[in-house]
Structures are given as C-alpha cells and as structure tokens.
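A short write-up of the structure that comes next.
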C-alpha cells in the first residue's frame, strides 16, 4: 500500500444493494465525504451562480423572442391519427390530359403549391375552439409566467450569497432547476421545438449546473416525468410518434447522466489525489524530519534542486538535439551536431533569483522536474556544497543508561528492547515539549543538543529543563538507572557520506559532554563550569569540585539540583513522580499527530486582518496583548501550511503518555488547581514575562515570546494510514473562517477573535506549558514570536543565511520558514504594505468550508493552493493550446500516451454511444416519415366501386375529380414509402459498418497504432454527423419537418464529443464546427419549403448547447491535465520519501512498518559485524579546520558507502570517525555474510591508501570483524535508525580497538568461517579486555599458487591469578607460516605507547564515539557508584590489565630464544614485519 493512499474499509454489499453502488459515489468515511462535499461546494460555487445567470439569460431571451416574433403554427400537422385534424383539399383548376404521367406531375405540383400557399380550410371548425382554447391569450400568459420565473431566478441568485444556502445548497438548486425547466415547457405548443428544448435543459442540469450526479439525476428525471405527463395528458399528444420522441429524449437523458456520473467521479479522483498528495507531503515531511533536522532537510532540498535543475536542463537539451538529428537524418538534410555546454556555475547571489523564477522554455530558465531523480536523493550534492555549519555556543546533553548490561542479563531480549523503546519514546516527546533537538541514540546513550541547528539564546535553559524532565520520566520506570552530563561550547554540524544520511555533530564539546555523563553519578545531572555559569541565575547547583576527567585532566563540575523560580511547585510535583505507581506508557506507533497542520493560525489575510490593532491570540485576553506592538514579520511555511497555535488534548499524546494527571494539569495551567481557577496574569510592561510553565525564567531581554511546540508522531504512524488527521480536521477552524471573512475589517478584529473563541470548540486550548520566554531575534520553529518593545529588525546569521524575527506559520515539527531563503514579509503599523502582497501571493479561496458552517478542511486550503501554484515550477502549460510546453514536446507526449491508455475504454464507449443514437434516430425518423408526408395529412374519400369498373372498361374516358385525386395521392404515397425504406436500410447498413469499425479499433494492441485513436475518433464523429444530415436532406425528405429530431441528435453528438469522447479539446472543436456547418447547409436547403422562424429557434438551441459544451470541455481538459500533474507530484513525493527511508532503514524494516508492526525487533543467530576506526584522528582533527575535517570524512565515507553497496553490506551508522556495518541481517538469506564483509574490508584498506589529508598525510585505519548473534531493531520515534545490540557488538568494538593500523582484526568465530579461502596470521596476545579469545589478522584472499600447509599455531590463555603465559598447540589451517617471535613487538614501551595511542583515538571520536565505546564496554563500569572513587577504581582496573599484558609480554620475550624450531620467514614476510614495526612506531 502506498504511503498516502487511504484504504477502503467499506463492507461488501450483498443482494440488490450491490447494484445500487453505481449510483452511490460517496467515500466510505463520513469525514472524508464531508471534506469532499465542502471542497466541491467551494470549487463549484461560482459555476452554480454562473449556471443560474445563464439559465436566466436563456429564459429571458427566449421569452422576448417568443413574445415579439411568435412561431406560426397554424399549419403544423400533428403526427397521430387521433390528433390529426384533417383539412379539405381544395383542388385548383388543373387541366386534365390523357397522359397519366402528366396528370400525376401536375397534381404533385399543385399539392406543393397548395402547401406553400397554405391553402387548407377547416374541416369541422374545432381546431381553434377545441385543441387550442387559449390561442388568443397564449402569448400574454406565457410572457407573464416566464417573467415571474426570471424574477425568482434573480432572487435565488442573491440567495446563494447567504449562509443558509450553504447548508442545503444541493436541495435548493435541484428544486430550482426542476421548477424553472417545467415552466419553460409550459404553454409550449410547437412540438418541433420540444426535442431541442428538452436536450438543452438536460445539458444545463447535468453538465453546467455544477451539481453532483444524484441531484442532477433527480432534477432531470423529474423533468422527464413532467414532460411525459404534460404533453400526453394536458396537450393530448399520444401515439407511436410521441412514444418514439420520448424514447429519443430518454436515451439522451441516460447518456447525459452517464456523463454527469463520470464528471463527478473524475472530480472525486482529483480530490482523492490531492488529499493523498497533501497527506503524503505531511507524512513525508514528518518522516524526513524524524531522520534529519528540519533546517538541514530544507537546505538539502534547496541545494539538491539547484544541482538537478542544471542536470535536467542539460538532459532535456541533449534529448531535443538528438531528436533534431534524427529528424534531419530522416529528411536527408545534413545538420551540424548540437554541442551542449553546461552553463557557468551560479554565483552566490544567483540561487535566490533562480528559485523565484518560473520555468519557461522561452527564457531558458532552469526547470525542476518532478520526474527527475529525487530532490532529496543522497549523494546528489557535491563536496563543495556540503551541509556543514558551525554553531557557537550550544549545549549538549548525554544521557547514559548505566545498568543496561545488567538488564540484558536479567531480562529477555524482547523485554529489554521494549523497555528501551518506551524510554526513548518518552525522551523523544520531551524534546518537543522543551524545544531541543535530538541528535541520535547509540545503544544505551541518548544525545540531545540545544541551540542548533535552530539558533536560540536560551539553549542551556532548555537542555537543563530537558534533563530534569528525563529524570522525572526515568523514575516512573523504576528499574532503569541513568546518569546525565551537559557541556556548552562550539560544535560543527553536517551530513557526510552518500548512504544512510544522518546529521552529526563534531567538536571537543561533544567529547566533553560524553565525559560529563560517564563521570557522573547515577540519578544525577553533572554539568561543566561553563554550563553552570549560564544557568546560575535560574537553577540551583551542588559544587562537586575538581575531578579527573579522562582525556581532559582536572575539571570543575557541578550537579544540577532544581530550578529557582519554580522551586516549590516544580520540585514537589516532579519529586512525587517516583512515589506514584510505576507506569510504562503504551506504545502506539500507528498514532498520527497532525496538530501542526490541522490547527492553524490561518492564511496571510488572517494575520493581515489583525495588523491594525495588533496581534491576537484565541486564548489570551486582548488586555494582555494590548502592550504588544502591531509591527511583526511573517514567515511562510515552505509547504504552504498554516501555523499551529492551538492544540487539542488527545489520547496517546505526550501529555497523556509521559506526564501523570497532576503534572499534566500543572503543564496546562501552571498551577496544581484546576485550569478554570487559575487566570492568566496581566502584563503590565515589557519587562514582564508571559509564562506559567515549568520553563518559566526571567530573562534580561526586553522581549516576550509566545511559543508553541508540538510533538511529532512515530515513523510507523506516518507510513500506516490513520484517521486522526481526518478526525482532527473538524476542530479549530471556525477561527480561520471568521478571520477570513473579516479580513478588511481591522477595527473589529479583536472582537471577532473573542467571539469566535466563545462559540467554537472548547477543547482547543493552548497549553500554558507551551509558553516560554526567548529573545526577540529568535523564532523557534512552531512558535509565535511577539516582539514587545524593539521595532528594529534584527537578524541571526546561520552560515550564509540570515533570518529575521518573525511569526512562524505552520511549520512541520520545528521547521523554519522560507524566510531563511527568500526573506520575511513585513507588515506596517497600519496593516498595509507587505501584508497586501502576502494576501495577493496566497489568496484565500475559502476552500473546504463545511456544510454546517465549519471549516472542516481548512488544512487543505493552503496546502492545495500551494500545490496548484507549484505546478508552474514543474510543468509549463499553455492554457490556450492546452498542451505542455516543458522540455520541448516530451511532457506532452508522455501525458497523451498515459491519457490514451487510461481512457481507452472510455473512447470506445463514446463511439458506441453515437452509433446507438444514430440507429435510434433512423428508427424514429422512419415512423415519422410514414405519417408526416403531405399525402398522409390530406383527407381522401375511398374511391367508389363504380369508378373501378368504369376505369377498367373505358380507360380513354376522362376521370372524375375524386378518382383523379385518389390515384394521384396513392402514387405519391407509394413512391415516398419506397424512398423511406431505402433511406432506413442505408442508415442501418451504415450502423453495422460502424460497429465493425469499432470492433477493429478495439483490437488494436500496439501503442504505435493506438496513439492515433483521437484522430480516428474525430474523423468517425464527423463522418457520422455528415451521413445523418445527408440522409435526411435528400428529396423528398427535404420537404418534411424532421429537423426537431435531427437537431436533438446533433446536439447529443456534440455533447458526447466534448464531454465523454476523450479526444482533445481542439479536436472536439473541429467536430463541432463540421456539425454546425452540416446543419446550417441542410437548413438552407430546406428553407424554401419550411418557415424561417423554426430555424431561428433551432439555431438558438444549437448555439446555446455548443457554448455550454465548449466551456465545460475546456475546463475538463484543464482539469485532467492538472490532475495528472498532481498524480505525478504524488508519485514523485512518494518515491522521494521511500528512497530516503530506504537509505536510512532496510527495506524489510520499512515493509514491517507498513504492515503496522509496532515494535521492530528481531534476533539473528549468526551475523558478521564490521567496525573501522581512523588511527590518529585526534591529531588529524587538530591540524585541520572543522570544514576540512568534515570534507575529509565525507570523502572517506562516500568511498566506503560505494564499497559497502557493491558487496551488499548494510551500513548501520558512522560514529565520529568509526564506520559500522553488518551483513546477515535483516536479510537472513545472506549466508555468505562473512565473505562479503571480508572482501569489503580488504577493498576498503586498498581504497583508503589513495585518500590523504589536506597536509598530504596518508590516512590509516584499524578494522575489527566478529561473527555472532545480535538483536537488531528500531526504537524511538525521532532520529531513528537501524541498530544492533548484544555481546557481539561489544566484541567487535574490542576487536577494532585492539587491532593495528592497516590491519583487519578478526575473531575466532569469523576465522573458522573464512579459513578455507583467506590467508591469516594468528595474533598470540589473545586477551581482549577480560575475554579469552583467539584472534587473527586477515591478510588477503588465497590464490591458486598459495600453499596450504598444516602448521601448529599458538593460542595463549592467561589467568588473572598467574601472570605467566602457557602455550597450547592446535591444528588450524591455513595460517601464515611465521614464528611467534616475529609477531611480538619487542619493546614493551612500544606496546604501552600503542595502547595510549588507541586511548587517544577513542578520545578523538568527536561525535560521541567515546559514548559508543562506553556503551559497548559496560563491563568496566557496571560496578560504578557514580562518584570519583569509583572512577579511580576504573583507572586502577585498567592499569592492572595493562600490567597483566606487560607481564605476559615479558614472559613471551624470555621464551623467545627457546623457540629454535620455528619455521624460517621468507623475504616478503620479513619485509612486511619490518614495515609493520616501523609503521607501529610511527603511529
């Protein structure tokens, strides 16, 4: 299932209900259906009003035309024997001749002249008195009734602007259209105008009214019933002809209803696409922000987009040049090849201009194509554009779980990971509460930083509150013991490598913070002296004195105790947490948090409305905000979202899971009492601080800030769809509606806000805990910054980017606004200026206001509008030609190909529809022709029998008048019937020919033929319309009034062609033009035989229907193209997110999260772990600048990433200068995991030889490999990544730390797997920090020329009670044939220097590598009691281990001379040993 798709949870219907699903297009979820109805209403509201005006105009013009120039219906024949009023035929004086042919010809001419001269007389005088009793007053009554109807329509048009119309607009519109359509048919006595009039009314109701399928079907269906009963019972028109006419209208109604349903389904598909795109965008941002900080993501997007825009432009130019070359080769013209040279790189000022440019091919501006590779694909940025920034100062916190190894021994692996997941989830939520950034968690160490990547001056206070909150949470778990350390100083942050993108911090501050945690006491917070200096005015400390810090010497440290300002309340509440019943909060990975997007401030006009009287807040009295000046600056959300200032408590949130009710009440109100009993304090001057939270502190700055931080959901919640976003969309939205409506009324802005708050949802209260003071020049993401006194614009430098003090709108997590890149938008004191520009830039379309008056999808407004505006950046659409002009003709071809494949069945169905109408018109015309000729309406008495005998006896005698008339009319009728039969046969023969054509077209398989289907359909429609007109215009049919049926059929042809055929808009215009030409020629041909008035009426109906279809077809074509682009953006965003997640998490883990698995933990019995470390990293970092250091690491790790990907090894993480990989998990099918890792390690050692530092010093590294069981999984909800736990990880780290430079150190388990294919050297000093493990150095892979001798190698076991060494012989093959004496370093001081050097390397791992080492080597610190004495004991223990190793080396050196039976070393190995000794000394 795709990330953004909403699953269908409807139950399958049975019985007759399943057949009703065709008419029920509603979404299965009530909330989603409400969103759609609201969105549909505000999208089609203008079209509804336009349809009312159009219907009013049509009715008015038709009424005036009928009143001024009424149709002449005195000679109109009616097509049924019961209703035909016969006329006596007055035979003119005609000269009788002996020739029957002459007589027949003269008689026919006399009949024609009689018809033309209207020489009919009433037979019985009841035509006027009986059938049309109201003929005298018909025109007057019709005029009065229709003018009243026009007045009612105008009143209804005004009614559409009221609030009551919005609630039942479908019902009102349905009733109105039905009544108006019925009134249009009343007093209509000319049956020739009824078909065209009915079809036009159907088109207005079904297509142009803007109503959905069911209301349109009800209104038009009611009109059909009215038509049938009115003309059948009131006008008394009945018989076969009336039934056939009704059949034509019924088929036309069915076809129009199919088109109406199709259009609604198309609109619903677009809405679902936009909803999925919106949800996918939100979830993608949340997922990405869980992997990387928001600021880093935005900079990475911006930078990658610039690089890819150039690449895309070059690729498009190349494609166009290749296309031109191919065309020239086909035409035989020789053209010179086009050589595309890349444009010069943009300057420092160029990027901002390029971002604001709209991509058009005319000005050759850069195009950002959503079909191009992901804008967030890793490795798309160059070394010169690394995401690296320096931050000074920041506060770093390390929290270490001390008894983690003890928990692992006492509890099962699943229980330990569950516990760890609960702890880290609680910590992750606390980072949102206190506004700090989680860097990462490594094993049992949790790292937090304040002040970067988002700058804030109170970073130390935030981190201090975070540390106290972490202790309060840990007390609830009972069995977990932690120690916390803090330090303040400068750091460097950036992203390195091509795989497993992660944001790391580098610098001595990180190392010192790790030391503060490792030297702290259990349950205490140890801070350095710089931190104590920053927090001294706000917190109480306990002076610990000077302690010996590993790698730092003596440092003065302090224990953080509690706060000063909130002494009683804070300490009493949080100290009572451990007395409550231990409670582990439930994990709900399917929980989705959409507060940031759903609870919004509003758009630009919302803020502009309050600019005159100052900023407002829905839950703060105006008296408190009266002192706040109105000059503020606004930051726009990169995604166009709205800022969140309200939060509704929901089940499973941070406040419900982490904090008990007492603390929750305190966080909301600042008091232990109920929220109703604790009023907000009044602000008297600018020096006072608005705060009632645990983070309250008096700052010297003369600023006041209202901050709101919201928590982010879990990654699983972002992947698995949840209905919380739909359920929360109904809240907090009336404020936005009223603010939008009162945009221009600045004087009443505050009153409107207060009224809205009193009338709207009561659950949307802003927790007071989210209010904290920070300075004016800082805007934490997700906060509302209200400057109090200073109006001077202040900026904070972030690398090369500056940002102004602003109001953050709708940022995701703590995402900054585009003001970082494009600058903020300022509003003057009078509310004008840039505020108007903001409203112009992002207009309020009021999308999604609910049926019951609530803005149920206000979130969609800015999101969908922003998406609509972004289309011009991705695709350039020519709105006149309705074609894409981006990238030459490539985009247009791609759209056309996909459109044809998607709408193939629809195109064939449209062809069947017009063929069915063509055949139906032939059937109807046949029965009309039988009874519509002049011979059928003239009453002829039967010829007497005497005439028959006299005719047979004497043909030469002259005939009587009646006999001559009978023979003449009988001959005419026989000739006409023969012609009618021939024409009908030709029609149905053509119908069968068309069916054969459709069958042949449907069998087209190759796309090279299918791509011409639109042209084929266009010709098919034109030919069918021409045949229909021609067959009804040949003599004698040109003298018969068949235009009423033909007109309705042609209008249906045009409607199907425009709205259902699936051909291009301009092709439909060509078809329509030919239809109009054919009809007009036919009318001109028939005009000599019929009245001109009826043709004027037909032209009126025809032109009106054509205009309606042109407008609707144009917008449908535009609609389809925009919807296609939305789908491409959705696919692009999904690909980007999945690509990024795949780079950070394994594919199997992503699938598990998609399936709804809440906790991802697995046990693997046999995997191979790889860990490398750079030798002398501390000295190397001291010689290089921070940026040079990060660039060097990026070069190294990018190379390693490519090698790891080549061998299919999974990169776990980079920890400072350590590179951590694993093979064999999570893919259990990798049985050759040890060989993969071994080959990768060998190639890494070869590749790193070509990398040097800036001072041309080669880089050397140590590698450790071990094979064993591990526990792997994902814990936490922020900055998550795939992790490993277990003893095998610790052994691997020890293998690396005890290895030698440029050597691959493997354990015995790995050696047993690889010994048959690789050459090894046994390491005799086999003690690995309290572990008796045989270890080996992997040299290279075996070749065919290498001998495989079986030799006895030495394995050493050392006992702690006896410092001597014992030698044991085991048969192990193959190994390097070297004497032990050559493998032992002779100088004991060299061993000591090597160990010291390794310790320095550990100290130099500047991204918590020391913390990682402390995580893995917990055996040395399990018994710490968190005091200085225990730390000294650790040093003594470490010293004893060194003495044991030295004593063993002495014994080995003494026994060296006794080893006379050792094999001789060859020259190559001797050189290697010599080089190794020299390299060790140099290192």
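Every residue gets a Cβ built from N, Cα and C, even glycine.
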Notebook entry, point to check: In Swiss-Prot, 1173, 1174 are given as binding Mg(2+) 2, so which of 1131, 1217, 1227 is in that site too?
Noted result: 1217
Item checked: Correct range for transmembrane segment (source Swiss-Prot, candidates 1061-1081, 1145-1165, 1187-1207, 1229-1249) -> 1061-1081
Item checked: Of the residue ranges 269-322, 323-376, 377-430, 431-484, the one that Swiss-Prot records as region 'Disordered' -> 323-376
Check: From 168-188, 504-524, 525-545, 546-566, which range did Swiss-Prot mark with transmembrane segment?
Finding: 168-188
Next item on the list: When you get a sec, could you say which of 93-113, 114-134, 198-218 is annotated transmembrane segment by Swiss-Prot?
Entry: 198-218
Item checked: For residue 1217 (Mg(2+) 2 binding site), the number of other Cβ atoms found within 10 Å of its own Cβ -> 28
Check: With pairs closer than 6 in sequence left out, are the transmembrane segment (168-188) and the transmembrane segment (907-927) joined by 3 or more CB pairs under 8 Å?
Finding: no
Next item on the list: Look over the recorded stretches 198-218, 982-1002, 1016-1036 and say which has the most C-beta pairs under 8 A to the transmembrane segment (168-188).
Entry: 198-218
Next item on the list: Kindly report the helix/strand/coil residue split of the domain 'Guanylate cyclase 2' (1168-1296) according to DSSP, in that order.
Entry: 54 helix, 38 strand, 37 coil
Next item on the list: Restricting to the domain 'Guanylate cyclase 1' (395-517), report the mean pLDDT as a whole number.
Entry: 86
Check: What are the helix, strand and coil residue counts for the domain 'Guanylate cyclase 1' (395-517) according to DSSP?
Finding: 58 helix, 37 strand, 28 coil
